[in-house]
Structure formats: C-alpha cells, structure tokens
Amino acid sequence: MPPKKRKLLGRRTAAASDARSARASETPEQTSLRLSRMASSSAARLSTESAAARTERLASAASTISARRARLSVEERSLQNSQDAVRVARLRALQSPAQKTLRRLLDATAKACSRGLENTEQTTSRRLRNTRATAASRASEQPQGTAHRRFRNTLSTASARALESPKQTTVRRVRNARSTASARALESPAQTTVRRVRNARSTASARAAENSEVRRQRLENISQLRASLNGVISPSASFWSNAAYNYDCTVNYPARRDVQIGAMDKVCTFCNAKKWAGEQPGLCCSGSKIKLHSLDEPPQPLRDLLLGTTSVSTHFLEAIRKYNYCFQMTSFGLLRLHVYG
C-alpha cells in the first residue's frame with residue numbers, strides 16, 4: 001500500500017493560520033486599532049490609484065466575486081449571507097464614532113467614484129437589478145418582518161432628520177421634489193391611475209386606523225401649516241418684525257419686494273463675519289461675546305482628501321457639499337461662552 005501523500009503547507013496557509021490565531025486573542029481595543037490602521041493604509045493606497053487602475057481593480061474584484069457566488073448553492077449562499085451579516089454587525093459594534101464616520105466617508109467616496117464611472121446603460125441596469133432584488137426581498141417577507149423593517153426605517157429616518165440643519169432640510173426637500181417631478185413626468189396615464197388608487201387606499205387605511213387623539217393632532221398640524229403658508233404668501237404688517245431673530249430658510253428674502261436687505265458685503269468688526277448693511281452691529285456674535293473654538297487639523301485620510309492633489313481628492317472637493325449633507329462634516333458647536341464686562 002503506497003504511503004499517503006502529505007499535504008504541502010505553503011507560506012500563505014501558515015500565515016493565514018497565524019493571523020487567525022492572533023485575531024482570536026485580540027482585545028476589542030486591539031481590533032479597533034488594527035481596523036483603523038487597515039483603513040488608513042487602504043485610503044492612502046487608493047488615493048494614489050489612477051482611474052484606469054481603479055477600473056481594472058473593480059472589474060477584477062467583481063469578476064472574482066461573481067464566479068465565487070455562482071459556485072454556491074441557494075442554501076450555501078443564504079448561510080454565507082447570514083454569517084457575513086453577523087460578522088459585520090460585530091465589527092460595527094466595536095467601532096468608535098470617529099471610525100463610523102470614517103467608514104461612511106470611505107464608503108460614500110467609493111460609491112461616488114464607482115457611480116461616476118458608470119455609463120447610462122450600466123446605471124439603468126444597476127437600478128433595474130436593485131429594483132428586482134428589492135421586490136424579491138419584499139415578496140418573501142413575513143408580516144412581522146415587514147413591520148420590523150418599516151419601524152427600523154422610521155427610526156433611521158427620524159434620526160437623520162433630527163441631525164439636519166434648516167439648509168440641509170431645504171436642499172433635501174428640493175431634491176425630493178425634483179425626483180418626484182421627474183418620476184411623474186415619465187408615468188403613463190395607466191401608471192398614474194394605479195399610483196393614485198394605491199395612494200388613496202393607503203391613506204384610507206391610515207385614516208381608518210387613527211384614534212381620536214391622532215386625528216386631532218393631524219388636523220391641528222394641517223391648520224398650522226396652512227396658517228404658516230398664508231402668513232408667508234400674504235404677510236401682515238407685523239410679520240417682518242424682528243424677522244432677523246426668527247430666520248425661515250423656506251422664505252426667499254432677496255426675491256421679495258417688501259424686503260430690502262441689500263447685499264451681504266459688510267464685515268463685522270468683532271468676528272469678521274459678512275453681514276448686511278442694515279444689520280445691527282454685533283448681532284452675529286453678540287458683540288464678540290460668542291467665540292467659536294479653532295478647528296483642529298483634520299485626521300487622515302480626510303486631510304489628503306482636502307488637499308486636491310489626487311483624482312480621488314479632486315472628486316471629493318467637487319462633490320463636498322453632498323458629503324456635507326450626508327455626514328454633517330461641517331457641523332461645529334459652541335463649547336464656551338465668554339462674557340466680558
């Protein structure tokens with residue numbers, strides 16, 4: 001009987017085994033530090049990558065993943081997805097707020113770059129594929145799963161809305177209005193009828209489930225909204241009294257004939273902020289009593305993204321407003337109030 005062949009343990013196998021052993025004995029702090037170093041290294045490497053190299057890398061990765069998934073059965077694919085979800089959830093739970101912000105920034109940058117390389121046909125194909133996947137996922141949901149998903153989405157949306165500034169809220173509403181108008185313009189008469197019938201049924205179902213308190217609150221909100229709109233469209237004489245202390249981002253003040261505020265071409269003598277000619281001196285900073293702390297040097301890889309020396313940082317600076325709206329990157333707060341006299 002011939003002897004059994006001994007398996008050859010290559011350096012990769014030994015290295016992988018050592019890495020698994022080391023990671024199994026890591027503390028949460030060590031895991032967090034390792035992930036932070038990996039993210040910084042990856043960001044530095046990607047910042048020097050050319051567009052052609054990036055396209056080739058993404059295509060190669062997509063081909064490898066597609067081939068690997070094609071070899072899996074439905075059960076194996078489901079098991080792998082479950083394991084990946086558990087692993088990602090554990091990693092996310094160990095991340096600090098700064099690491100979460102960095103991860104979201106890197107993900108958004110990668111997604112924006114990937115979307116920027118798409119042509120019209122690829123964009124349409126991706127959206128169609130996502131629509132089909134979402135429809136299939138919704139069709140296989142149990143009622144309890146649907147309720148849980150909607151509740152989770154409601155909490156997520158409420159949390160995001162609570163962090164919005166008035167300007168960001170206005171931009172979001174304008175963007176949503178444009179998207180809705182574009183979708184409505186592409187509808188056929190039959191699709192419009194189906195949408196209206198579906199919306200009417202949904203509204204009727206929601207109204208039927210209302211109790212007296214919810215109905216009273218809804219009607220009160222509608223009345224307040226109408227009164228607010230009427231006040232902006234046809235304001236009374238007292239509407240503009242102390243309006244500077246109650247700024248409304250939904251009002252286009254320069255476009256109104258009954259408001260003459262001129263150009264913002266004056267500079268505050270206390271804080272050097274731009275102001276209008278008729279604005280009370282010191283109104284912006286309460287006569288130098290309010291001081292903002294100096295901004296610290298941005299951490300890596302955010303600092304490299306702000307330099308504009310690479311293709312990735314150039315794209316980031318061109319789309320920086322979109323990232324501001326997503327991650328509140330320009331938010332800063334007052335830490336100390338200095339009162340003199």
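Note: Cβ is positioned from N, Cα and C throughout, glycine not excepted.
The following features are taken from TrEMBL:
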| type | residues | note |
| --- | --- | --- |
| COMPBIAS | 1-10 | compositional bias 'Basic residues' |
| REGION | 1-51 | region 'Disordered' |
| COMPBIAS | 11-25 | compositional bias 'Low complexity' |
| COMPBIAS | 32-51 | compositional bias 'Low complexity' |
| REGION | 114-195 | region 'Disordered' |
| COMPBIAS | 131-140 | compositional bias 'Low complexity' |
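Taken residue by residue, the compositional bias 'Low complexity' (131-140) breaks down under DSSP into 9 helix, 0 strand, 1 coil. With DSSP states grouped into helix (H, G, I), strand (E, B) and coil, the compositional bias 'Low complexity' (11-25) comes out at 14 helix, 0 strand, 1 coil.
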